[in-house]
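Just below is one structure, and these are the notes that go with it.
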Amino acid sequence: MAVPLEVSYRGTTLDGTIKKLPLHSEFHATRYEIGRRTKHTHVRAVHTVVVNRQRSRETTDGTCSWAERKTCPGTDDVPPVDNGGRVHHHLGTTEAKTIYKETGIINKRAPELSEGSRQLHHHRRTRRMSTVTSTPTRSVGGGSTKTDEKIRNFHHLTRKELNLYAIAQWNYHTNRNNETIRNALESSNRLFLYQRLLVSSAQNLSLAFDMNYEDLLPFVYFLRDHGVCQMSLSSFNTIITLKSKLKTAIGGLTFCEYRKTTGRPCDMSADEMHFIMADSLDAAELKYYWKAWHNHTSYEVKNIYLKYIGLLNHKAKHLNKYYMKPYLNENCNLNVNRIYESVRPLYLQLYTHIRKVLRDKFGTTVVSFKGPVPVHLLGSILGQPWTNLLPHLVHGRFNTDAPYRKSTAKTSKLLFDRANGFFSSIGMDCVPKSVWSQSMLFNENDRFADCAPSSWDMYKNNDFRIKMCFQDTVEDVYTMHKQLGLVHYFSAYKKQPIAFQHIPDAVFVEGLLNALTLSVRYREFISRHNDSVTSRHAYLLQMALEKVAVLPYAYAADAWHSEVFKGNFAPKRMNDHWWSKRLKYEGVVSPISKLKDKLINNNYRPFDPSASYNTLTELPAIRLFLVPIVEFQIFRALCMICDEYDRKNSKNRHLYECNLRGYRQIGKVIKSVMSKGSSVKWPYLFERIVGHRRLEEGPLLEYFKPLFDHLCVTNNKTNEFIGWKNW
């Protein structure tokens, strides 16, 4: 479980006013969203903490304030006698003392260590520095019974707190009303308080039993990511305020209808506009909505973003772990540049084919023969993903958004059982019956629910749940498999201590679940259509739009994001560098990229990265790059385990034809990996499946080799220019 890093506070905002901030917070603590991108708007709850701003000022050294030093790990300073400036909460002092009492620890001031004691303590820390093993059941602190008892109390209380929190958040996300909102806020406050108390308790426990704090840390739940305490509350509050403002500026917009002929006011929602961007074949209409979006967001978002990155750069030494590139810091052999260069030929053939189809649709005046593609023609404001282009590329019968069956609750149960049957066929244990009875798979008309697909661990026995609004498309079938796969992950690591009941890494887990779903996707596609060469090419093209087209975008966005944090260019040049990166790696340009367009649109104040909130904040774009690489490596390894694929005989049976259903030996490998939870770093788990830790592009290229050969022939027939010429 990761500590929630995005928190909205009710307190003094940047302009000095008192206001309640919007509902924006992503709860990694109780749910994990893995699967396809969705058009549904995410509804998120709030962590609310009222802060005494006068007492929580930042210290001159840029670390924790005096008010926080008693709860910040790694701090030996003793706070002043005046204990003001503490975090106020709804629970009050009585509940705080209760938690300390139940853990068996009195919250008293830690004694100062003499110089000799400090040196001895440092020696012990160096000598006893331990690493987390796959079976962290050893006695902590040299076998002390008292210590083990207190750690068991930690685990019991943590599970209790997380269960209360998960229930409140589940009720909020599945049925939003005044009561569930209030309960969600209260549960967020309590969890935030409990997190702070655990940090302080762990420090006192390590001193009381002469233990190494780092030895204790893995056994105390969600203390391993204690970056929340590594800055002042005022700085943290400012960061969250800016992130909330970014979301408010990007979302919740309304627009005027294109060539408005009716009496409708300018109340078109962003969701309506996104559907038009996905379906329209009118280039002028697409350009109108693209400009409308950016004219509404660019100026305000840019000002907020400049303040945001300025504060992050000031706090870089504390926040590097959370806001930069966590996936590049693991013990894993990774060369992103080499992977990109190896995948680039496949992307260029796909890109050239897409440009030819768009040129046929919109004409040569809009899409040139050799030039880059205007981004507004690619099916969305951002120009990613390209999956919305599929109806333009293949026959309508291959459209994955076509209704699967009539939308009923009975159909949802049928497809749930079908997904469960796949996991049973590979030897996975049956999920509890309560997963079906407690899940929300079919949205009721009488309640307002967040339909974004997610899986939930309720931290009580085997209470796992899935939340999604099944709309009976083929894509929903695949999403069901991935969400149920997460439930199997929760169930597998349930025997671990509470400290390790968490997925090890989002990239690894998403890649693993996508790999298991790949064979399901192909079999489902072939069962709906005839098994012909045309059908196979249509399937591979559909997959390439999702898995291959995103790689150059993620590479470009990550390069831009890194240079922004390094301060390599002035703020007024940010937008130019954004399009410079996207042109270089993706071959796309802004529809207002030419000088004459800029003169006509004199009210255009460019900051086009505003199309992606994730690009602007801490979610690394490199994650989008790594997931497909991990996915196809795992898929090929699983196929070779069950002898469904032979690299030496790949011409007779291609990798994409591999069918994992029914091979129980796969389940043994998957269960052994899932059962570790977060007790082992993900490269070790990756090695358990693949046989090594190298991230390689080879399996992805093998998977799409038939498509690559087909695109080469198709592009050569029409004498297409491969790639693009820069303007």
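Don't overthink the numbers, they just go from 1 along the chain as shown.
Placement of Cβ uses the backbone N, Cα and C atoms for every residue, glycine included.
Worth saying up front: this structure is predicted, and the values here are computed from it rather than measured.
Among CYS639, CYS642, the one TrEMBL lists as the disulfide partner of CYS658 is CYS639. Per TrEMBL, the disulphide partner of CYS451 among CYS430, CYS469 is CYS469. Checking CYS229, CYS266 against TrEMBL, the residue bonded to CYS256 by a disulphide is CYS266. GLU510 (Zn(2+) 1 binding site) sits 10 Å from ARG623 (chloride binding site), taking the CA atoms of both as reference points. Note: the Cα of ARG623 (chloride binding site) and the Cα of ASN175 (N-linked glycosylation site) are spaced 31 Å from each other. The DSSP secondary structure for GLU510 (Zn(2+) 1 binding site) is helix. Of all the Cβ atoms in the protein chains shown, 24 others lie within 10 Å of the Cβ of GLU510 (Zn(2+) 1 binding site).
Same-chain residues at least 6 positions away in sequence with a Cβ under 8 Å from that of ASN175 (N-linked glycosylation site) are, in sequence order, ARG447, PHE448, ALA449.
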